[in-house]
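Listed in TrEMBL for this protein:
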- 24-33: compositional bias 'Acidic residues' (COMPBIAS)
- 42-86: compositional bias 'Acidic residues' (COMPBIAS)
- 80-229: domain 'Thioredoxin' (DOMAIN)
- 20-113: region 'Disordered' (REGION)
Amino acid sequence: MTRRREILAYGAALSALLAGCTDDGGEEGEADDGNGNGEEPAAPEDDADDEPTDGADDEGDEDEQADEPEDGEEEEEEDEEEGDNTPEDHPAAEGIDDQPTLGDPASAPGTIVEFSDPSCGVCAAFHDGNFQEIESELVEPGDAAVVFRPYPVRDYEISEPGSQALLATHDRDEEAFWELKQFYYDEHGSFGLDDVYDRTAQFLNENTDVDGDAVAEDAESEAYGSELDANLDAGMDAGAGGETPVFYLFREGEFVTEIRGNQNIEVFRTALEL
């Protein structure tokens, strides 16, 4: 994949500077309320002729009442303001509707978009520990959603084949995708280019309802190259570079911060104000 080679070259050039980078800081913007002060109108003169009749008063009251929204209209406007929490207007969120997802980004206050490589040891450590806490304490209660984007930037045997197989599996069954992802991380370091396809097919055939042989065939033929290129483009445009794992955090649809490395749940909870 040309795009992957470009990113590998980028990562190699900056490896001395970026190795072990785990930036867990974040920035929050403050909204300006924008209130202004208007001039006060001049007080009316005491003139009996200028006093409105009772009928005029009633008409004025009716006009004011007519301008007041009904209770149902107010509720509808509030619902529209709350809207959809799905992240947008950020490179990391480009096309996330089609990505493997735990939870519901539309309703959860927080969303975590993860760029991860199936061959990455730090990613494996994160998914074996801290990810489990995030899933049980933030995702399952509905406080956060996690979007997983396979991001094959490591120069290992399973990096691209594993990413291809993950997308091929997700296209068939999302639950099987998460099982295969965990299998790759549980068996981290034990794969070779000569057995990654066979072991992937065997795992899927024995543990899921997905046709593992068909997945392996798709992975070997790079059937999901365009989807991986889209992930690589999104990661590079967002600033992930050649590092994994990298997380982009959103609160109610707005970008909050970027986090790198194997960080614990409190880093995510604090950044998302959960």
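A Cβ is built for glycine as well, from the same backbone N, Cα and C atoms used for every other residue.
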Check your understanding: Over the domain 'Thioredoxin' (80-229), what is the model's average pLDDT?
Key -> 94
**Study point:** Helix, strand and coil counts within the domain 'Thioredoxin' (80-229) (DSSP)
**Key:** 80 helix, 16 strand, 54 coil
